[in-house]
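K.L.:
Residues annotated as transmembrane segment in TrEMBL: A:36-57, A:106-127, A:139-161, A:167-186, A:217-239, A:276-297. Here TrEMBL flags A:104-293 as domain 'ABC transmembrane type-1'.
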């Protein structure tokens, strides 16, 4: 139904309450009118399916080493459907398809966890800080400033070196830093929302502060937060890849796109371009798709567009 | 006369204005938005509050409703609101509800109209069954002139006048005893203004709610109020029954306000004499000494700068804060 005529409803005055068109419904319609964003969203869904279910399509796992292939990678480990190594094999004779599935999954997870922490912690922290205001706001935001001024890449590397290179540490490290700028954005939005009259109406009615934050502030922040979170995912993926590229990220036998790209790049001179090409393809497509979806969401949710 | 529902005694609201470029510990400048206002409100009475922008009308409303800290007494049904704890005060807010100036901004864009109207009810009586909430919301929507089948719509799907009706429905759901209307019609078209004002009049007649009706438009206030209070720079200039304020304004500022209500006849409008008012509203950061109106008053005398005028009893139920209320105000005819 493209056009909804309220006067027609009024004339009939049906007994059943009719459905409202929420701002979310509007945004969804605008989003799907954006071709690039829609295609990117489909690409993301496909990549996610690939990352979480791709291993079932291959007879090989990412850990079994085929000793017969070591050293003759450039001639024997070529990508082919006959051998079942769709993406070829890596230097150790492991199936690159399975490795890529594994790496994509990890990179996706890192991005999702990072931005999930940002959404939950950052939004609540920023909204609370902005809503309470005054000294509390000042103190809370100075804490964020201090944390932000620490070169986090350095801290992350220290963390990984001190506590060992585990996946958990990587998640903790990325989670620790990802919420900071989100908190600032959420606070800034909250400051403008809390002076709206509907918040005052809620205060005047006697709604409790926590309920006001959750019911009136956060839902109105959510548009900006979602857009920022989608743009944060690729950022987190890039950070993780960078760390893995340095050799500090995930540990073998686990892998991530960054680690695969790093290894592929080092083998570039040996006639095995697929070792770089396949991980790089998924990396680039994933990042592009996230950026386009983020852009599309921003256009869809931005109320100034209306 | 019955006991007043609301007694306001020497209400003051002072805001801190941080000094620009100062240190965090530099003492802030004090801005007195409301400076010592006292009045009583009888049950079922409508008190109009007029004054130009920046005269502290809205701040007065916010102080009464408790969203702005204030000093002085606010006694609601004989109970001092400022002496109550946070929880007690919160539950007391049931009986005082407010209608806002910008009808759309007063409604959360992410909530359905039904949820918005029900919010006060679900806040104070969280155990109300859903069906009952729904039924009361729809009954109230009908009462304020909205189709009850629109409960699931969102605020942006309504016009300004409809949004104001939603705001009124939200304010009425708890059957409040006092309704504070902060310029409820100034953001609406004239034809819609009339509808909303008439709705408020009807509600007052049927439900007997006391109202504080704030507006900068004297003609609207006159239409709905029993008594009118004129404010200037956070002070009370004149209080009088609605008829008296139009027919026998005593304070030069009130006289100016009356004369600025346009008459829809160009000939009469031109011929009408009016007091001269010079300059702008002085900054509330440094209000004039004595009578705050003296800087713009056509009959200001040295005494006005020296001592602030007390409210003089100038007629039945009419009080004017002017030393020279019984002297004629110099008037001029509008220039050709």
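Sequential numbering from 1, following the chain as shown.
The backbone N, Cα and C atoms fix where each Cβ goes, glycine too.
Situate these features within the shown structure.
P.N.:
Within the chain carrying the transmembrane segment (A:139-161), a Cβ under 8 angstroms from the stretch's Cβ atoms is held by residues 125, 128-129, 169-170, 172-174, 176-177, 180-181, 183-184, 187, 239, 242-243, 246, 248-249, all 6 or more beyond its ends.
Only residues 6 or more beyond the boundaries of the transmembrane segment (A:217-239), in the same chain, are considered here, and those with a CB under 8 A from a CB of the stretch are 27, 107-108, 110-115, 118-119, 122-124, 127, 130-131, 153, 156, 174, 178, 181-182, 185-186, 189-190, 193-194, 199, 257, 283, 286-287, 290-291, 293-294, 297-298, 301-303.
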K.L.:
Please indicate, using numbers and ranges, the residues of the same chain that are 6 or more beyond the transmembrane segment (A:36-57) and have a C-beta under 8 Å from a C-beta there.
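P.N.:
Residues 97-98, 100-102, 104-105, 108, 282, 285-286, 288-293, 295-297, 299-300.
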K.L.:
Mind checking which residues reach the transmembrane segment (A:106-127)? Cβ under 8 Å, same chain, six or more beyond either end.
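P.N.:
Answer is 47-48, 51, 140, 144, 167, 170-171, 174-175, 178-190, 213, 217-218, 221, 225-226, 228-230, 232-237, 239-241, 250, 254-258, 283, 286, 290.
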K.L.:
Who are the long-range neighbours of the transmembrane segment (A:167-186) in its own chain, taking Cβ under 8 Å and residues 6 or more past its ends?
P.N.:
106, 110, 113-115, 117-119, 121-123, 125-127, 129-130, 141, 144, 147-148, 152, 155-156, 159-160, 221, 224-225, 228-229, 232, 236, 239-240, 243, 249-251, 254
